[in-house]
Amino acid sequence: MSISLSTVPEAVMESEPKERRYLIRRPKALQYFHNGQLKKAAEKERVAGRFELFFELLSNFADHLTEEPSGAKLLVFILVFTPAWHAWADAKENANNYYNDDILQRCAILWIMALLILYGNNANYVAEDIKALRATVAAYQCIWFTQLSFFFMYSVASHHHQTQNRIYAGLIFLGLFIWAPLYVEEVSHGAKIGIAFAAIIWEEVSYVVGFSPIVANMMGLEFSTAVDIGHEDDRYTAFTIVVLGESTYAILAGSPAEGGLTTRLLRAVWTLVIAFCFNSMYVFTDGAIENDHPIRRSVWTAFPWLLIHLPMSAGLLIGGHVSAYGTNHLMESGHRWLWGGGLGVGMLCMWVLAQLFLDCDPPGKLLLPKQL
């Protein structure tokens with residue numbers, strides 16, 4: 001008895017379950033802990049590309065800083081980049097826990113990116129124009145209100161992350177009021193800077209409190225949140241590649257190194273070398289052949305691994321943009337400080353990331369050990 005090869009693919013295709021598509025889908029937790037045991041739902045592969053569009057809306061922050069390097073501009077960059085990072089991180093958190101890919105989730109992502117356009121077009125002028133400051137704060141508060149609304153909706157639709165989602169949504173709701181004094185023109189610039197830093201710290205603490213397994217254990221929760229390490233790694237890797245890619249884009253846009261073998265071409269190549277080396281260092285982490293990821297090791301390595309990406313991305317973004325700027329411009333003292341400081345912060349953060357991994361290679365496996 002013979003079987004035609006041409007019929008095999010059809011038979012295989014008929015035996016495979018067909019993917020269902022939803023207009024509106026009830027949120028389902030993709031991974032969670034049940035009495036300390038990790039449970040994962042069978043889901044299709046989640047892709048990161050849609051969320052890295054967030055970064056393309058934010059790259060002008062570094063451009064503005066590069067054009068007029070100063071301590072005041074650097075402070076503004078920190079205060080506007082960090083909230084934008086939080087917006088991306090929360091969108092990533094939602095996708096990590098509930099990748100519905102339905103019309104509601106897609107519209108929410110589009111709505112948040114539209115708000116980021118408003119945010120990004122006004123954020124660079126918050127120190128100069130009260131209207132720009134109010135527009136920036138209003139856009140950011142709308143972003144957070146959208147995010148916490150989805151966290152609360154997920155807590156109603158699915159019981160697996162119910163308590164922690166509500167705690168986090170409640171803390172973020174309270175944090176919205178911290179930003180309110182920035183609308184008042186009579187409040188001094190120094191006070192507004194302090195308020196902005198307080199709000200940023202509140203958001204960082206809210207994330208740790210809301211999703212920490214320590215808090216979940218203290219409350220005796222039967223169900224608690226879990227992290228898909230592979231998905232989380234993909235998200236941060238994609239974002240880091242986009243950060244480094246901004247500097248390589250800048251050495252091509254407008255042909256700053258035109259004219260053949262010139263000094264400008266050499267500077268552009270060195271900018272590429274810098275981005276390539278940082279990308280290699282990030283991808284190879286601690287250099288071990290076998291290691292334990294910080295998220296898998298313990299909560300004391302997981303949260304530092306998650307949070308350290310913020311200063312690392314900010315530093316690499318600044319350093320990369322200044323490197324590209326130097327291709328066609330003469331660097332002043334302020335540019336050199338930003339260039340060295342940005343890349344230095346990025347390098348230090350990568351060293352910390354490498355230390356958070358647990359090297360599982362036997363002694364003598366590699367030519368040089370992780371710790372010299």
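Note: Cβ is positioned from N, Cα and C throughout, glycine not excepted.
TrEMBL lists 103-120, 132-154, 166-184, 196-216, 265-285, 305-325, 337-358 with the feature transmembrane segment.
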Outside the transmembrane segment (305-325), six or more residues from its ends: residues with CB under 8 Å to it: 59, 61-63, 65-66, 69, 77-78, 81-82, 85, 204, 232, 236, 239-240, 243-244, 246-248, 250-251, 256, 267-268, 270-271, 274-275, 278, 293-295, 331, 335, 338-346, 349-350, 352-353, 356
Ranked first among 103-120, 132-154, 166-184, 196-216, 337-358 for CB pairs under 8 angstroms with the transmembrane segment (265-285): 337-358
Top partner of the transmembrane segment (196-216) among 103-120, 132-154, 166-184 - counted as Cβ pairs under 8 Å: 166-184
